[in-house]
Each structure stands twice: as structure tokens, then as C-alpha cells.
């Protein structure tokens with residue numbers, strides 16, 4: 001399907017203003033290497 005596997009469990013997501021804040025968090029909490037800052041919350045994804 002090629003859809004991106006987003007992970008944003010509300011208990012694990014953190015607020016952000018910049019995706020750079022999300023990368024270490026995502027790697028630690030989810031193991032996912034990529035991140036975006038959407039609606040001031042980190043979204044973690046695998047590809």
C-alpha cells in the first residue's frame with residue numbers, strides 16, 4: 001500500500017515546535033528513525 005506507518009500514542013507523544021525535537025524522542029520511544037512535527041505534536045514513522 002505504501003502508506004506511512006505513523007505512531008502517535010497520546011501517552012508517548014511530546015509537544016514540539018520543530019521536528020528536530022522529535023527525532024531523539026521517536027528513536028527512544030518507538031524505535032522509528034523519522035519524525036514530523038504536526039499540530040505541535042511529534043509524529044513518529046518508520047519510512
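Each Cβ is built from the backbone N, Cα and C atoms, and glycine gets one as well.
Residues or ranges marked as signal peptide in Swiss-Prot (evidence: experimental evidence): 1-12. What Swiss-Prot lists as disulfide bond is 16-37, 22-42, 26-44. The site 'Basic residue of the functional dyad' annotation in Swiss-Prot covers 36 and rests on similarity to another entry. What Swiss-Prot records for 45 is site 'Aromatic residue of the functional dyad'.
DSSP assigns residue 44 (disulfide bond) to a strand. You'll find the Cα of residue 42 (disulfide bond) roughly 6 Å from the Cα of residue 16 (disulfide bond). The Cβ neighbour count for residue 37 (disulfide bond), using a 10 Å radius over every protein chain in view, is 17.
Taking residue 37 (disulfide bond) as the reference point, the recorded positions whose C-alpha atoms are within 10 Å of its C-alpha, out of 22, 26, 44, 45, are 22, 44. Using a 10 angstroms CA-CA radius around residue 16 (disulfide bond), the recorded positions that qualify from 26, 36, 44, 45 are 36. DSSP assigns residue 37 (disulfide bond) to a strand in the three-state reduction. When the alpha carbons of residue 44 (disulfide bond) and residue 36 (site 'Basic residue of the functional dyad') are compared, the span between them is 7 angstrom. Taken residue by residue with DSSP, residue 16 (disulfide bond) is part of neither helix nor strand, so it is coil.
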